[in-house]
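In what follows, a structure is listed as C-alpha cells, so that the remarks can point back to it.
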Amino acid sequence: MARTTPIARYRNIGISAHIDAGKTTTTERILFYTGVNHKIGEVHDGAATMDWMEQEQERGITITSAATTAFWSGMAKQYEPHRINIIDTPGHVDFTIEVERSMRVLDGAVMVYCAVGGVQPQSETVWRQANKYKVPRIAFVNKMDRMGANFLKVVNQIKTRLGANPVPLQLAIGAEEHFTGVVDLVKMKAINWNDADQGVTFEYEDIPADMVELANEWHQNLIESAAEASEELMEKYLGGEELTEAEIKGALRQRVLNNEIILVTCGSAFKNKGVQAMLDAVIDYLPSPVDVPAINGILDDGKDTPAERHASDDEPFSALAFKIATDPFVGNLTFFRVYSGVVNSGDTVLNSVKAARERFGRIVQMHANKREEIKEVRAGDIAAAIGLKDVTTGDTLCDPDAPIILERMEFPEPVISIAVEPKTKADQEKMGLALGRLAKEDPSFRVWTDEESNQTIIAGMGELHLDIIVDRMKREFNVEANVGKPQVAYRETIRQKVTDVEGKHAKQSGGRGQYGHVVIDMYPLEPGSNPKGYEFINDIKGGVIPGEYIPAVDKGIQEQLKAGPLAGYPVVDMGIRLHFGSYHDVDSSELAFKLAASIAFKEGFKKAKPVLLEPIMKVEVETPEENTGDVIGDLSRRRGMLKGQESEVTGVKIHAEVPLSEMFGYATQLRSLTKGRASYTMEFLKYDEAPSNVAQAVIEARGK
C-alpha cells in the first residue's frame, strides 16, 4: 500500500494547558472544523469527544492522553490536506506523567492559556517538560469572550513567567462580550468568522480604524522577529525593502523550529472564533516528523553502540510504546508512535527492551475513543495495537532484523502511598488483577505488598491520583476497596563522610565455613547528581578481594538501601568506596561477602550523621483577597515556607513550599477557610531534611 499523505504534511502535536484553560473545548473545535465530528461536544455538559473515561466526564478534567487523527486543508482551503495527529494532555498536576509521556512522542505543541487566568502554575510545569524534550510550540490564548480577558497581558506573562520570547501573530478585536474576531498581523487584515455556520466560513475585512495604530506597531514587531532569522533577511529589512508573506512565514517557521520564539494566537473556542486560524498556524509553523532531529537510540549489540533512526519509510521499523490503555471490548490498547519504517497488521516485531517478540494482531487509529481498523502504519504515524502481550510504557518496538532501543522515558518516583483492601475477601484476586493492569498503564503508579503487615500498598503522585485509581477499580473492574490513611514516602540519607568502616562475616567452626571481610568508605552525594541516588566505586588493589566477589559486595549494600537503618525507608544520595578487605581460599563465598557488606553498611550508616528526608511540595493557592491572612497563617502552621504572593484579577496568588505530610486534608480545610472560593495546586518539588522532632516522631511510629 502506498503512503496516502506525504510525511512532510504530517503534524504530530499535543494540546497542553492548565486545568481550566478550555483545552478540551479547543480540541473539540479542532475535530469539528477538520470535519470529523459533526455535533460539537461540550465539556460543560460532560459530552466532549476527547474526554473518554467516565471520570473525566464527571470531573470535567482530562486524565488520559487520547490520540486522535484529523485532516486540515486550511481555513480558505489553501493547503493540500495535512494529517494532524493530536495527543490530548491532562492539565492537572497529579497527572504530570501523562504530559511527560506525550511530550516524548510529539513533534510540536499548542499551549492553551486562559485570557483571564493567564499563565498558571501547571503551565510552568508543562513548559519545563516541553523545554526538556525541545518541543517547538505556539500558543493559543483562549476564552477571549470572558470577563477580564486581556490578550496582551497573557503575552507579557509568557515572557515574564516562562522566560519565553512570545511574538503575537494576531491581535484580538475587542474583548469580553465585545470580542468579535482577530487581526492577522501577517496579512494585516481583520478576520471575521460567520456565527451562522459555527465559524466554518469567514471574511477578511479592513482592520477597525481604532486598531490600525496598534496593529502597525505589532506588525512591525512581527517583521523584526522574522528578519532576525537570517542575515540576508535582516539586510533586506534594514535596507527598507518589504518582506514578502512567504519570506515572513518561512522565517517565523524557522525560528519556531529552533525554539527561539513562540507565536501567539487568540480566540474563543466556545464562541467558535480563532481555532480555525490556530490550525492554520499549526500547519504554517509547527514541524513535520522530517523537520525534527532523528531519534536517538542504542543498538542491541552488547556494546550499546549509539544509533539513530530517521523519519523515513525506507529505514527499518522502529516505534515507541507511549501509553497502555484498557479497553472494555478488546483488552489492552498499546498506543505507539512510529519513528521509522512501516509495519503491517499481522507482522511480528521485537520488543527490544524485554528481548521478546510481539505480534501486531490488529492496528487501529483512534478518534477519541472511537476506532478505525487500519492495515499498516508508517513513519510519523500514531496508532494503537491490539493484542500485544507484554509491553510497558516506554518500550521500543522494532524490526527483529534491525534491533534498536530508543531513548527511554524517565518516570518520577511516587510520593504518597495508601494501603488498600477489597471490601469482600472474594475480590482479593480481582483487586490484584485490576491493580496490576492499572500499574501497567501508568508507570508513576506502583503496587506492592508490605511484607510485615501483608497489606497491599498503592503509591502515586498525589491524593487525586490515588482517588482516581480506587475509583477506576470500582468502575472498570467492579472491585470496591477500603483505603487506609495516606503514608508519606520518606527517604533516608547521610550528611557526613566516614572512612575505613569494617564489615566481617566469619563462621569457621569446622567443615566448610563462611568468610567475607570488607573495608569501605561511605560519603553523601549531591542530591540529584546521580539518577540512581547511589554509586559504588571498586578501589581494591592487589586482589585482596577477588574480582568475582566485588558484585556481591555491591549487591549486599544495594539490598540494605531498600530499607534504611533509621526507619526502614529507602536510602538515597550515598556513595560507597570499597578499598580493602580479605578473603579465605576455601571459606569465602558470594553470600559471605554480601553479609560482610551489609554489616559494614549498617555500622557506617550510624556514624555518618543519618537524617530523614521528607517530600516537599510546591503549593500555589489562589484565594479572594480578604482570606489571604487566614490562608497564609494556615500554611505557616503546616510548616510552609512562603515564597511570595501576587495580586491577580480574581484575588491573590500565594506561592509556598510545604511538606507533603502536612498537606493531607488540605482541600477540606481550604474550602472551610474561604467558603469554597479558593483553589490550589500542588506538585512534588524536592526532598529535604525533616526537622528532628518530625523525624523522631516518624522513627518512633515505625518502630512500634
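Here the Cβ of each residue, glycine as well, is placed from N, Cα and C on the backbone.
Checking Lys23, Lys425, Lys643 against Swiss-Prot for the annotation N6-acetyllysine singles out Lys643. Among Lys303, Lys504, the residue that Swiss-Prot annotates as N6-acetyllysine is Lys504. The CA atom of Thr89 (GTP binding site) is located 29 Å away from the CA atom of Lys643 (N6-acetyllysine). All protein chains shown were included, and the count of other CB atoms within 10 Å of the CB of Lys504 (N6-acetyllysine) stands at 16. Nearest to Lys504 (N6-acetyllysine) in space, judged by Cα atoms and limited to the binding-site residues Ala17, Asp20, Lys23, is Ala17. Non-local neighbourhood of Met144 (GTP binding site): Ala115, Phe151, Ala172, Ala175, Phe179, Cys266, Gly267, Ser268, Lys273, Gly274, each in the same chain, at least six residues away, with C-beta under 8 Å from its C-beta.
Computed over the domain 'tr-type G' (8-290), the whole-number mean pLDDT of the model equals 85. Of all the recorded positions listed here (Lys23, Lys643), the one with the fewest other CB atoms within 10 A of its own CB is Lys643. Fewest Cβ neighbours within 10 Å among the binding-site residues Ala17, Asp20, Thr89: this applies to Asp20.
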